[in-house]
Amino acid sequence: MSTDTPADAPTDSVPERYLAVQRSDEFAGLRRTLRGFVFPMTIAFFLWYALYVILSAYARDFMSTRLFNSNVNVALVFGLLQFVSTFLIAWVYSRYADRKIDPVADKIRDELSGGDS
Amino acid sequence: MNAMILAVEAGNTTARNLTIVLFLAFVAATLAITIWASRQTKTATDFYAGGRSFSGFQNGMAIGGDYMSAASFLGIAGIIALYGYDGFLYSIGFLVAWLVALLLVAELLRNSGRYTMADVLAFRMRQRPVRTAAAVSTITVSIFYLLAQMVGAGALVALLLGIRPGTTFLGMDADTAKVATIIMVGALMIIYVTVGGMKGTTYVQIVKAFLLMSGALLMTLLVLAKYKFNLSSLLGDAAASSGQGTAFLEPGLRYGVEVAGNATQTFYNKVDLLSLGIALVLGTAGLPHILIRFYTVPTAKAARKSVLWAIGIIGTFYLFTLALGFGAAALVGGDAIREQDKAGNTAAPQLAEALGIDFFGGDLGGAALLAIIAAVAFATILAVVAGLTLASSSSLAHDFYANVVKRGAASERQEVNVARISALVIGAISIVLSIFAQNLNVAFLVALAFAVAASGNLPAILYSLFWKRFNTSGAVWAIYGGLLAAVLLVFFSPVVSGAPTAMFPDHDWQWFPLSNPGILSIPFGFLCGYIGTVISKESDEEKYAELEVRSLTGAGAH
């Protein structure tokens, strides 16, 4: 294990230990894993939602197009797709967090609290 | 008068009595839970955060119970019933908003905070200015929201009990009944919070979420069964009964209305629609009564699970409201709904009655289903107001009293006592304000709460969690800047004056053309946070390291 983890230096003061962890490669990796997912995903769902709101305001003819020879139109399907995408993003994130984030976060935390005792 | 209104009159007494019985049963059950919860509430963590003992699923249900207000249940169903497709916009905004909470806020907040939103905001800042600002904004948002719920409750009871001008109930006319309802709702929320704390409030919200989902599911199934599960024929019937034709199924009847021959007004209406859309999606993750729910679970992983459950529950519920709204338009009809309430808030109860008559043997069945849905609506209001009272009293006690007045030297017992007294005081103030506000248009209060949350709280939270350079000055600027921008723009908007539907229709100081300030006030809040930060030299690298490590890993979490 890298030597810059705080568990190796229990005599450090608490602020120094947090600083050391924050500067460690392991923590930088955790930060990258988290931000690399949540930032692009936030931008993506926000743009997708904004597209829906903008089309509702400015593309009424398109939104009013009937589909499948029924009373269902593009606006309704687009709205329902917002539900689908929300459920899907939530599910994908939870899988991602379980696999990529939790194990690293747990490891760093255990190392830190090891130094606490 | 058409046949539906006559049926309403016939079933009225039975429905009224049954509503009261069911409502009393809910009150009795929740009070029993509250007393049980009070025995389990010993420490400050028990009072503020339910001992952090709830599971992800329980908290997900409670979040649903806290979030799905009467405004969502009755309001959205009503807007869809009267204006068709546009009501769906609300549902979508309110749901997509949870992704902000899930991806950016819930877990990090759970890891680094303790009892209130300000715990995270003030983590690496000077305590007193930041906590004061956070308490001001928490209480402002919560009270706007509380007023909307309580005034709504008063109006709802008069409508659901069928007390019209000139008639009486237990010797009360409609106005007295409204005041009595507001006082009763206020008294119950004070009891839930002061006696049961977070634990009692959480269980009330769980029970309510279960009742609301069951009621909405039952009605949705009945509506769909009526149309043999053919969505297209339901939509066709709704459009036909609405009198609007296919326009009823398309955006534009309520929001972003195109005014023929008035390009300026059309432009403003459309920008207003964008503004509403932004405020809905960014407001949720800044609502203090929602944020404190993440503290009731033991870990960040459980906080994530609770948001996942909440997204599932809330999303399903909003799909139900689509069926309820179009069902009410098709089976009750726009005219019959407007005759009861011009804002459409009684669409769901009226639909319940129509479905009961249809499926469960005539007037008695109609009265029974109406009573069940009316009781669910009361339960909905009670659970939400309890959550709001808890959020504001927690902030007053933990942020303002313990950390500003006592500078962190208050004992746990003192703090919890102050929280209980705060709940009493905030509850009493809300009762009085609601009585005075009961004839005002309340829709803007909810919009205002969301706009303040998105403009002041959200920038402060996101900067705190993700921006190293952020500091005390930035936090204070973001909160006050966003809050003031939102409140002032609404004050000068057509919602308050200068329009026939305004709060003060006879006065005109309106110059801001939009009803919803979000499109300006939210960027303004972010900008204030940025400017406030860069003009101050303060920067605490060690505290930021601690916040970042704790928020991402859960080390040292309470």
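Every residue, even glycine, has its Cβ placed from backbone N, Cα and C.
Database features, via TrEMBL:
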TRANSMEM  B:20-38  transmembrane segment
TRANSMEM  B:59-82  transmembrane segment
TRANSMEM  B:88-109  transmembrane segment
TRANSMEM  B:130-159  transmembrane segment
TRANSMEM  B:179-197  transmembrane segment
TRANSMEM  B:209-227  transmembrane segment
TRANSMEM  B:273-295  transmembrane segment
TRANSMEM  B:307-332  transmembrane segment
TRANSMEM  B:368-397  transmembrane segment
TRANSMEM  B:418-437  transmembrane segment
TRANSMEM  B:477-497  transmembrane segment
TRANSMEM  B:517-535  transmembrane segment
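In this chain, the transmembrane segment (B:477-497) does not touch the transmembrane segment (B:307-332); fewer than three CB pairs sit within less than 8 A of each other, excluding pairs fewer than 6 residues apart. Contact between the transmembrane segment (B:179-197) and the transmembrane segment (B:59-82) is not supported, since fewer than 3 Cβ pairs fall under 8 Å when only residues 6 or more apart in sequence are counted.
The list of residues near the transmembrane segment (B:59-82) in space but at least 6 beyond its ends in sequence, with Cβ under 8 angstroms from a Cβ of it, reads 88, 90-91, 94, 145, 148-149, 152-153, 156, 202-210, 212-213, 216, 242, 254, 284, 289-290, 293-294, 296-297, 302-303, 305-310, 312-314, 317-318, 321-322, 324-326, 328-329, 332, 334, 337-338, 341, 343-349, 351, 376-377, 380-381, 383-384, 387, 443, 446. Touching of the transmembrane segment (B:368-397) and the transmembrane segment (B:130-159) is concluded from the presence of at least three CB pairs under 8 A, sequence neighbours closer than 6 excluded. For the transmembrane segment (B:88-109), the list of distant contacts is 67, 72, 75-76, 79-80, 117, 120, 251, 255, 273, 276-277, 280-285, 290-291, 294, 300-301, 303-304, 306-308, 310-311, 314-315, 318-319, 321-322, 325, 458, 461-462, 465-466, 551-552: same-chain residues at least six beyond its ends, Cβ to Cβ under 8 Å. Of the Cβ pairs linking the transmembrane segment (B:130-159) with the transmembrane segment (B:517-535) and spaced 6 or more residues apart, fewer than 3 are under 8 Å, so the two regions do not touch. Pairs of Cβ atoms less than 8 Å apart link the transmembrane segment (B:273-295) most often to B:517-535, out of B:209-227, B:418-437, B:477-497, B:517-535.
The list of residues near the transmembrane segment (B:209-227) in space but at least 6 beyond its ends in sequence, with Cβ under 8 angstroms from a Cβ of it, reads 26, 61-62, 64-65, 68, 73, 233-234, 237, 313, 316-317, 319-321, 323-324, 326-327, 330-331, 348, 351-352, 355, 358-359, 369, 372-373, 375-376, 379-380, 383.
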